[in-house]
């Protein structure tokens, strides 16, 4: 079931959306027109998942150049939803825009609730009778800013949607299932007698230490949830155009001016029977370019989108040089250890340029780009878009695959045989065991004789060897080390 929240600008639609979803998904600001695209959230209640759609403020008299597209997006949400919430400002009384929206929504013959928001005081509640003229029988007064009567609104939604309440037995079973899933979500990767050097023996203390290391490793929990893919990039590189082209519909508002997208827009899509959630983000700007609080919140949410994504798509403009902002975004992706793919958009404007030469030059500009997969696409001409799904699936599959201990040790043993570590103070680095420790984020744990014998160049050599062996391009990973305990002298 889906609920659409509609209304004129600045009546508190996004505040109600955030209260219902119990998360700050939409930017809330006193500035009119803060929300532009359709935003999707979820209510988890009554043993059900109810999808909620926040829409931009509809004002047909506005001179805002985005208003025509906002109006189109709002009506699309109304058609898509099964329950409608028309939000008004109780302190302003009925406005012309409220009347126009009510006339548009009533003929849809869908359950419609009039939400009289901003009822912060008893004096505000005395104006309820003014809204009978809209012809909507289901009415409720709320104060989203003070979290008043949101629970009553939620119950009214359940009633008009005819969602049955779960029985006491079903609630108890749900709690037991949640507890069971938490217990089973932790699995240990075990191994026995898999040594890098077969003739190397371990003392009892070393064996106990190794068991402790194994207990620290994690394996990915199996999940059927959609894959979250964040499109990141500086303003006006075509992130929203890519989402629209992939979905083959005008799902996100696009414009030639930078900063059109403000909220993070989550868009669900199914491709080849696999579910994805594309997160269209506001472009990251330089700090000096952020002029108001809405832009600051947009940039902050972009970083949050990176943190909650399963995989990031960095979108750059083929017609422009790699910018400071592009490099900053790459560093953020690396900091959050997110698998990523580089999308070079607007390739239709690159006349007389060979793609392979462009990619070679691009790889030389930044060490992180040099290690990632690069796709040259055109959202405008829908060129090479299907490759995005293939690249995302390939990278994510590799990034979530647990590598066997024996295979990791075999690769490192070969690396050490091909290139011996240098001798330091008469001693040489030895690796006794190596474990693929975690998947998200990706990391390896090496059991070595001494940290002081590991040089930076040799560490880089080991990382490059693992990257090439397991195709970890575009997958940031760490090497962690534990020196074996010193043997006790008799």
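Numbers here mean position along the shown chain, with the first residue as 1.
Every residue gets a Cβ built from N, Cα and C, even glycine.
Computed from a predicted structure; not experimentally measured.
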Among 145-164, 165-184, 185-204, where does Swiss-Prot put the label region 'Disordered'?
165-184
So of 236, 281, which of the binding-site residues has the fewest other Cβ atoms within 10 Å around its own Cβ?
236
Per-residue pLDDT averaged over the domain 'EngA-type G 2' (227-400), given as an integer:
80
With an 8 Å cut-off on Cβ-Cβ distance and a minimum sequence separation of at least 6, pull the same-chain contacts of residue 347 (GTP 2 binding site), or say none.
318, 355, 376, 377, 378, 383, 384
Tally every other Cβ atom lying within 10 Å of the Cβ atom of residue 233 (GTP 2 binding site).
25
